[in-house]
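> Residues annotated as domain 'EXPERA' in TrEMBL: 10-143. Sequence annotations record features per position, and here TrEMBL assigns transmembrane segment to 12-28, 63-88, 100-119, 131-151.
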Amino acid sequence: MRKCRGSRALDVGLAIFFALNVPLVLFLDSTAVLPMSCFPAAIQALVRWHIRTSGDYLMRDKPPFFLGLVFCEIFVQLPLYIANAIAFYYGKPWGRTTGIIYGVHTATTMIPILFDILCSQAPTKFQLFSIYVPYLIIPLIVLARLMPYTYPFAKKRIE
C-alpha cells in the first residue's frame, strides 16, 4: 500500500462533518430513544418541526429496528465522530482505523433505513430519503479516502 497525503481540503471538510454531527446525535437523534422531557423546549420544538415538515415517520413512530440503530449511533458512531474529527483535522495515523470502522458501520446501518424509506408509502419519502442518504454517501467517501493507503495522512506522497 502507498503513503498519501491526500486532499487536505477533503480531510478538513470531513473533520467539520464529524464535529457537526456530535451535537446532532446528542441533541436530535438521541430524542428517538430518550424521553423528550430530557431535552430543552427548543430541542423538542425542533424535533417536532422536523417530523412535521419532513414526514419522518421513523422519528415519529420509532420502530424497534430504528431504535436499535439509534443506540448504535449513540454508542458506536458518536465516539467515532469525535475521534475522526480529531484524526482528520490533525492527520493522526490512527484515523485510518477509526475512519474505516465508521465508514463500514455507518454505511451498513443506513441500508435498512434507506430501504425502509424507499419501500414506505410516505408521501414525503423522497424528501426523507434525501435527508438520510448523505449518511450513506459520506461514509463511502471516507472509505474511498482511507482504504487505498496504509498511511493516508502521511506528509509526502510515495507511489
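Our numbering is plain: 1 for the first residue shown, then up by one each step along the chain.
Cβ coordinates come from backbone N, Cα and C, glycine included.
Note: TrEMBL annotation is automatic and uncurated.
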> Please average pLDDT over the domain 'EXPERA' (10-143) for the predicted structure.
97
> What are the DSSP helix/strand/coil residue counts across the domain 'EXPERA' (10-143)?
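Once the DSSP states are binned, the domain 'EXPERA' (10-143) shows 114 helix, 0 strand, 20 coil.
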